[in-house]
Each structure stands twice: as structure tokens, then as C-alpha cells.
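Notes for the one structure printed next.
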Amino acid sequence: MPQSLPAKATIAHASAAASASAYESAPASDAGDALLFRKIAWRIVPFLFLCYVVSFLDRINIGFAQLQMKHDLGFSDAMYGLGAAVFYVGYVFCEVPSNLLLARFGARRTFTRIMLLWGIASTGMMFVSQPSHFYVLRFLLGVFEAGFFPGIVLYLTYWFPANRRAAAISVFFAGVAVAGVLGGLVSGWIMRDMSGVLGLHGWQWMFAIEGAPAIVLAGFAFTYLVDRPQDATWLTSDEKARVAALCGDSRAHGGGHGAHDKRSLLAALANPRVYLFAFIYFSLTCASLTLNFWMPLMIRDFGVTDVVAVSLYTVVPNAVGAVGLILIARRSDRTGERRKHFACCTIGGGLALAALTLHLHSFAAMLACLSIAATLIFAALPIFWAVPTRYLSGNAAAAGIALISSIGITSGIVSPWVIGLIRTRTGSMDLAVYLLAALLALSGAALMLGVKGEPAQRA
């Protein structure tokens with residue numbers, strides 16, 4: 001197991017490089033812009049991608065830990081679901097303040113603080129011995145990690161114009177799938193082969209090993225990142241001026257004061273589109289979180305009992321999903337069309353989930369349904385985020401993006417707990433899957449009907 005951390009970094013960096021290469025194919029207004037945004041993408045995207053992979057792995061690794069943890073500690077499905085949900089209570093309450101702090105103090109300090117604290121909390125999960133420990137640490141992990149994803153979305157608006165944003169954002173949602181791949185490759189082996197070492201359970205070693213990279217990356221974030229394009233010593237004066245012309249002067253996004261923060265938040269609260277986007281994001285994340293948290297159990301329920309085999313099988317849907325979401329997001333950027341792409345992804349993903357309730361007798365068919373669902377649901381996420389970032393600009397973007405994310409991510413409170421209850425009481429996930437398919441269809445209809453056309457790209 002000493003190779004676990006280097007292997008994790010190698011796989012994630014290779015995936016980031018592939019994702020950045022995919023980004024390069026986004027349409028350009030001219031060759032000069034293509035070279036400029038390729039340069040920016042290769043400078044900031046791979047590092048942030050790696051950070052997001054570690055972030056999501058630390059968020060979802062309890063999906064693998066439950067294969068041993070529930071037996072060792074006597075947790076029921078409902079207890080596990082509640083623990084998974086408690087993370088999002090802390091996350092929701094701290095999301096907007098964290099993004100406003102990023103707009104005021106900059107990305108370097110904000111991302112460093114977030115990664116350091118979540119790494120400590122994630123590693124601390126190894127000391128859980130009773131439900132109260134589990135709930136408290138999951139809550140703290142949510143508090144500390146709050147603002148990281150919407151902070152990345154906000155940060156990317158400083159560097160990439162709207163017509164390139166879905167491709168850039170898709171790289172980070174590929175991180176969701178890559179975290180699933182890494183979890184499948186690494187977590188099962190850690191839990192099996194490290195079990196009993198120094199008297200610790202395998203799941204305790206998993207939390208210790210997978211939580212450490214966040215602490216290391218926190219130190220690199222402060223020295224590697226810059227707060228805005230104007231601060232980038234690796235851009236020329238002409239390149240900085242071009243980024244400002246296409247994306248807006250990023251100085252408008254930072255250095256705000258309390259009054260500006262309050263006005264930004266009030267403007268976001270008064271914008272009805274924010275609530276439409278929040279509902280859509282809620283529906284979408286209900287489905288994506290179900291895949292993240294419950295896929296290992298779905299596979300085990302099919303008769304796969306070895307923990308390493310379960311982990312390896314989860315690699316297939318996540319790997320297929322990582323490739324598929326980048327290709328679909330590239331096509332959406334190339335055509336400039338968002339609504340139909342999103343609706344096709346959500347409806348198709350819902351149908352693929354619903355097919356799982358047919359009690360398929362073929363393991364290959366079940367894995368194919370999971371792979372199709374993962375691809376379409378994951379692909380819908382970057383396409384979705386390319387829409388609200390066109391409607392929100394300036395200081396309002398920090399509050400608006402965080403508000404959409406914080407309201408939408410309440411799905412993390414509702415979804416794991418409700419699914420855990422349904423599973424505990426019925427012994428099946430069929431009812432939960434039908435509800436998720438309906439929510440996905442509603443989210444597709446909401447974007448199609450609620451957003452008529454695209455606003456002009458901001459200069």
C-alpha cells in the first residue's frame with residue numbers, strides 16, 4: 001500500500017491532462033484567443049482538477065467505508081444515510097459566506113483554508129467509534145469544504161469567457177468521476193490489505209490515507225495560484241487586457257466590502273432565476289449523489305461480496321462517465337446550445353436509472369445501465385453551470401452562484417437519508433429510483449421552459 005498516494009496523484013494528473021486537452025478543442029474566435037486560453041487552461045486547470053478530485057474523494061469515500069464500517073460499528077442503513085446527509089447541513093450553511101470571502105480575500109487564501117481544514121476533518125474520520133462521532137465529523141467536513149466547488153466556478157469566470165465555460169467546468173465534473181475511479185481502485189485494496197495493521201480496521205486506514213493529500217495540496221495552493229488574471233506574472237500585459245475584455249475586469253470581482261456583500265446577496269435573493277436554477281441543481285444532485293453514495297451497495301446487492309471486486313466494478317461507470325461528460329460538454333460548447341443537451345441528458349439518465357428496477361438478471365446489463373446513467377447525469381452538470389454563469393456577473397456572481405449551489409445541494413441532506421430510510425423499510429431502492437427519475441425529468445423540463453434563449457455574452 002505505500003504506492004497508494006503516488007498512484008492516486010499519477011492517475012489524477014493524467015486525467016487532468018486529458019481533460020485539459022479536451023478543453024483545448026473549444027471553439028475560438030481566432031487563433032490568438034485559442035492559444036491564450038489554452039495557456040490559461042494548462043496553467044490553472046490541472047492543479048484545481050487535482051484538488052477537486054481529492055475533495056470529492058474525501059466526500060464520498062464513506063460509500064466504500066460502509067462496506068466494513070457498518071458491520072464494525074453496528075450502523076444501520078438509516079444511520080449511514082443520516083451521516084452522509086449531515087455533511088450537507090454544514091455545507092449549505094457555510095456555502096454563501098465562503099464564496100463571499102473568496103470574492104473579498106482571493107482564491108489563494110480561501111482555497112488554502114478550505115483544503116487544510118477539510119483534510120484534517122477527513123483524516124479524523126478514522127477515529128469514529130459511535131454514531132455521534134460520525135455525525136459531528138461529517139458535519140465539520142461539510143463546514144470546512146463549503147464554498148470549494150462554487151468558488152472554483154466563480155474563479156473560472158475570471159479566466160474564461162461564457163462560450164468556453166462548459167468545457168472548463170466539465171473538467172471539474174470529470175473530477176467527480178475520477179474520484180469514483182480512484183475510490184474504486186484504491187479504497188477496496190486499502191480496506192482489505194491494511195486491515196489489522198497497527199490494530200486498525202481497513203476503513204480507518206482508508207480515511208487516514210485518503211485525507212492526507214488535501215493537507216499537502218493546501219500548502220501548494222497558496223504559492224501556486226493567483227487571485228486574478230491581473231496578478232498572473234505568466235501572462236503578458238496584452239494577454240491580461242484580452243482576458244479582461246472577454247471576461248470582464250476581474251478587479252470587479254474582488255476586494256469588496258461588507259456593504260457590497262450585502263447588496264450582492266440581496267440581489268441574488270431577489271432574482272427568481274436563482275431559485276429556478278437551484279431547483280434544477282437540487283434535482284440533478286439528488287441523482288448524482290445517489291450514484292456516488294449507493295453504487296457500491298447496488299453492486300454488492302447483485303451478489304458481488306468481495307470488497308475489492310465491488311470497488312473495481314465501480315470504476316467502470318465512473319470511467320465511462322468521465323469520458324462521456326467531457327465529449328458531451330465539448331459538443332454543447334461547439335454548438336452553443338445548452339437547453340436541449342441538458343434535457344436529453346436528464347431524461348436519458350432518468351430512464352437508465354429506471355431500467356435498474358427491472359431486476360435485471362445480467363450483471364453486465366446492470367453495469368451498462370449504471371454507466372449510461374453516470375455518463376448522462378454527470379454530463380448534465382457542466383452544461384447546467386454554463387447557463388447561470390451567463391446570467392450572473394460582477395459581485396452578484398459570488399452570491400448568486402453560491403446561493404444556487406447551497407440551495408441545490410440540500411439534496412445532500414435529503415437524498416442519502418431518504419434513500420437510506422426507503423432501503424431500510426422496503427429492502428429495495430426501487431421507489432427511490434422512480435423518484436429520482438421523475439426529478440431528473442422535471443429538471444430537464446424546467447430548464448427548457450424556464451430559460452428561453454441565451455443572453456448576450458458579456459464583454
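Using N, Cα and C of the backbone, Cβ positions are placed for all residues, glycine too.
Bear in mind that the values here come from a model prediction, so they are computed numbers and not experimental data.
TrEMBL lists 1-22 with the feature signal peptide. The annotation transmembrane segment is assigned in TrEMBL to 40-58, 78-98, 110-129, 135-160, 167-191, 203-226, 274-295, 307-329, 341-358, 364-385, 397-419, 431-451. Positions annotated as domain 'Major facilitator superfamily (MFS) profile' by TrEMBL: 44-456.
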Outside the transmembrane segment (341-358), at least 6 residues beyond either end, the same-chain residues with a Cβ under 8 Å of its Cβ set are 283-284, 287, 298, 328, 331-332, 335, 366, 369-370, 372-373, 375-377, 379-380, 383-384, 387, 429-430, 433-434, 436-441, 443-445, 447-448
Contact count check, CB pairs under 8 angstroms to the transmembrane segment (167-191), set 40-58, 135-160, 431-451; argmax is 40-58
Per the Cβ filter (under 8 Å) with a sequence gap of at least 6 from its ends, the transmembrane segment (307-329) is approached by 15, 19, 22, 64, 67-68, 166-167, 169-171, 173-174, 177-181, 183-185, 187-189, 191-192, 202, 291, 295-296, 299-300, 341, 345, 367, 370-371, 373-379, 381-383
Across 110-129, 274-295, 364-385, the most C-beta pairs under 8 Å with the transmembrane segment (431-451) come from 274-295
Confidence over the domain 'Major facilitator superfamily (MFS) profile' (44-456), expressed as mean pLDDT on the 0 to 100 scale, is 84
Highest Cβ pair tally under 8 Å against the transmembrane segment (110-129), stretches 40-58, 203-226, 274-295, 397-419, lands on 203-226
- Are there 3 or more C-beta pairs under 8 Å linking the transmembrane segment (397-419) with the transmembrane segment (40-58), counting only pairs at least 6 apart in sequence? no
The answer for the transmembrane segment (78-98), taking Cβ pairs under 8 Å and residues 6+ beyond its ends, is 59, 62, 66, 69-70, 110, 114, 131, 134-135, 138-148, 150-151, 265, 293, 399, 402-403, 405-407, 409-421, 423-424
